[in-house]
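Here the structure comes first, spelled out in structure tokens, and everything after it is commentary.
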């Protein structure tokens with residue numbers, strides 16, 4: 001990403017020598033000091049619309065007995081941080097152990113008096129931390145989540161000195177739960193089907209796992225109010241009814257705490273849909289604020305019927321401020337809330353153009369967009385990256401809510417879907433979000449189950465694949481190859 | 001605010017009868033169902049770019065011994081909530097008491113065995129809660145902050161039943177501090193100068209106040225982990241090193257917790273400045289993305305000199321993504337971070353027009369803007385209200401940080417200043433933020449001290465006062481009366 005900042009073209013070539021002359025990078029549209037063709041000084045801007053606010057890498061250390069949701073939290077938090085642009089990776093100790101000890105026999109491996117196993121487990125932890133170092137120093141990682149029980153003071157003390165030595169910040173996330181029903185549910189949801197229990201029946205697996213937990217209980221020392229008062233941590237009690245937050249050091253820890261305090265595990269479904277087909281869609285024009293086409297109105301009615309048939313409890317409906325999503329919601333007969341943040345990506349000077357017109361009037365812009373669709377910002381408009389930051393409060397509220405239907409737009413839906421399904425920034429702008437199709441997402445285990453429901457009302461296709469040739473010097477035909485049909 | 005939704009003109013008059021036809025309200029630019037000239041159905045949209053997400057009113061109940069920062073937190077939290085559009089008011093019991101008991105003699109009033117005083121104090125609490133009811137039911141309030149010690153279980157139980165009876169949600173904020181230095185500091189800063197001690201010398205006041213605290217200590221029962229586990233609350237320990245959060249019920253409580261966890265009391269200064277005078281400023285044109293004029297460059301250099309002269313520790317510098325703020329920051333010789341959220345208000349179709357152009361091409365829009373400058377949204381652009389929501393993450397980070405210089409734009413600076421100085425949404429769009437002037441804001445006691453520093457570089461005036469006639473039928477001269485001069 002930093003490379004594209006160096007490709008500087010300047011409209012101000014005549015006064016370049018003047019100190020403090022700025023030039024706008026062509027793809028990201030950021031203003032940087034002009035330092036001649038030879039090089040480019042990267043100011044603080046890394047391409048994102050929000051400053052990153054991270055200096056030292058951060059090591060998040062999970063703490064808790066088995067089946068307390070550590071892996072669930074690790075994965076979800078990582079998904080969120082990656083989506084908002086903070087490179088994050090989970091290091092799950094169980095996976096290291098499974099690699100070291102090819103086949104799992106029984107809970108006896110975890111007995112505190114099993115010296116041989118202890119050696120292996122310590123070695124695995126060391127290897128995991130070695131990989132963390134590589135992730136930070138060579139792979140531009142910013143946050144690493146060490147997903148392990150870390151239930152002894154001794155283990156935690158050694159991690160803290162390791163981190164101090166390397167210059168990493170440490171933030172502990174401890175999950176404490178004494179509700180036997182929640183624990184049994186967790187075990188059923190994710191343990192019984194783990195690679196460890198491949199050849200066991202459910203009851204055997206459950207019984208063995210409960211014994212495994214007992215092995216840890218004997219030596220478990222939770223983070224201590226007094227002794228650990230200088231550590232930075234959050235303790236989560238009983239899946240979120242209560243939190244203890246100690247010594248938050250910086251911006252990213254503050255964001256992590258806010259996120260963790262907003263997520264819940266109550267079963268619910270999230271429905272994503274675009275507005276019904278619009279008049280601009282029919283003409284192959286992007287952006288604008290047009291109303292629904294007749295087929296679009298038909299879809300909205302069908303959507304209303306579909307929603308009723310789902311018999312959803314307390315469904316919240318959200319739309320953008322644009323006419324086409326509101327017209328769609330109006331057909332549902334349910335109260336809806338409008339969010340400006342759900343407005344479609346602003347195409348700036350290209351608003352209401354067809355792709356043919358963009359190619360005609362702004363061929364270079366068109367090519368730059370194909371080169372890096374996630375980071376490309378329309379002149380006087382936005383990029384997908386900007387959109388993600390704009391949508392962050394929507395995602396936060398989506399986490400707090402239960403059943404929600406979001407009626408939005410193509411680029412917006414791609415961003416929300418990428419968050420929910422853990423898609424990368426490269427995949428995001430090309431996710432398929434066709435008109436007249438509802439996506440029903442239901443959290444399950446560590447991820448999300450997706451159902452695509454096409455409501456049988458015809459619509460134009462608005463999905464443009466990345467063409468083969470993305471060079472600014474390409475022929476118009478090469479640029480227009482993947483354009484969907486329109487009237 | 002809801003009144004303006006009723007003034008509907010429609011571009012779609014011919015098909016207005018069609019069910020689901022929408023029309024866009026002229027001032028707020030929100031799409032609402034067209035229901036004929038007679039009336040209008042207000043969708044859930046109340047004019048804001050973010051849904052308000054509040055149903056029942058919320059009563060925030062402060063808890064804590066005197067000099068624990070309750071009033072500080074109450075005022076700051078109210079300021080924040082009002083700024084983000086949640087009508088909030090503080091009900092300070094000390095003020096009710098001062099009105100009931102005209103003159104304060106000494107701490108004996110607060111002795112737990114002073115029956116007569118107890119009666120008066122109970123009556124004051126009752127009156128305060130009566131006023132809360134009026135605020136919620138008649139004044140459209142959404143959050144009330146009951147600023148009192150509320151140190152006994154008995155008092156808190158009675159508040160909880162009062163709220164339950166009325167259908168209000170309750171959220172407790174308890175401040176616990178045992179650091180004698182912090183308490184002494186608080187007393188010096190805000191107690192010694194309180195109306196209670198108007199005729200005392202500092203040491204007398206200090207001594208009396210400490211005895212007052214002792215009166216409360218005897219009967220103080222903090223919120224209890226076990227007994228109060230069904231209540232919603234946050235406990236703040238020692239000015240924020242540690243928090244205990246229990247049972248956050250909804251969106252607004254989640255936001256309150258996030259805010260409280262990000263504020264701090266470390267002394268620091270916030271510097272606000274606009275970019276140096278720009279080329280478009282000289283021409284009286286709004287918006288756009290032009291560079292600095294020669295005088296603008298001069299200012300940027302002077303700003304650099306001023307900043308150096310202040311010898312500020314660890315100054316952070318923030319700019320927008322627009323050329324003129326970045327050029328300004330470049331002169332400072334300090335690393336800076338770019339925030340897209342700090343970009344100037346988007347004037348939509350009026351971008352780069354002069355006021356004369358706007359009057360000529362969009363006279364009705366121009367008048368609507370003068371009618372309600374805070375909520376007016378430019379066609380295809382933004383309103384001040386939108387700007388406030390866009391700036392919320394900036395404010396949150398500003399609270400986390402210490403010394404910061406924000407180089408931004410006129411409308412943006414007005415929004416930030418309104419937050420820092422607790423200005424209403426009516427005052428906000430008319431706050432004076434001239435070019436080439438730095439504002440230095442230093443938190444002091446319950447508010448902010450402001451120093452205006454004009455760096456003595458000439459610049460055009462860009463401040464347009466509200467004209468006398470804001471009617472859409474006014475003459476052009478009346479509209480243009482208050483336009484500042486330009487080249």
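Cβ coordinates are placed from backbone N, Cα and C, and glycine is handled just like the others.
Here the structure is a predicted model, which means the values were calculated and not measured.
Site annotation for substrate in TrEMBL covers A:274, A:275, A:276, A:277, A:278, A:279, A:280, A:281, and the matching candidate from A:230, A:242, A:311, A:324 is A:324. Cα to Cα, residue A:324 (substrate binding site) and residue A:344 (active site, proton donor/acceptor) are separated by 11 Å. Cβ neighbours within 10 Å of residue A:275 (active site, tele-phosphohistidine intermediate), excluding its own Cβ and spanning all shown chains: 31. In this structure the residues listed as binding substrate are A:274, A:275, A:276, A:277, A:278, A:279, A:280, A:281, A:324; their two most distant Cα atoms lie 14 Å apart.
For residue A:278 (substrate binding site), the count of additional Cβ atoms within 10 Å of its Cβ stands at 29 [all protein chains shown].
Excluding A:274, A:275, A:276, A:277, A:278, A:279, A:280, A:281, A:324, which define the substrate site, the same chain contributes A:290, A:291, A:292, A:293, A:296, A:435 within 8 Å (Cβ to the Cβ centroid), listed in sequence order. Remark: residue A:276 (substrate binding site) has A:292, A:293, A:295, A:296, A:297, A:298, A:299, A:300, A:303, A:324, A:327, A:328, A:435, A:436, A:457, A:459 as non-local neighbours, by Cβ distance under 8 Å and separation of at least 6 in sequence. Note on the domain '6-phosphofructo-2-kinase' (A:46-267): mean pLDDT across this stretch is 93. According to its DSSP assignment, residue A:274 (substrate binding site) is in a strand. Around residue A:274 (substrate binding site), taking its Cβ as the centre, 29 other Cβ atoms fall within 10 Å, counting all chains. Taking the Cβ of residue A:280 (substrate binding site) as centre and 10 Å as the limit, one finds 21 other Cβ atoms among all the protein chains shown.
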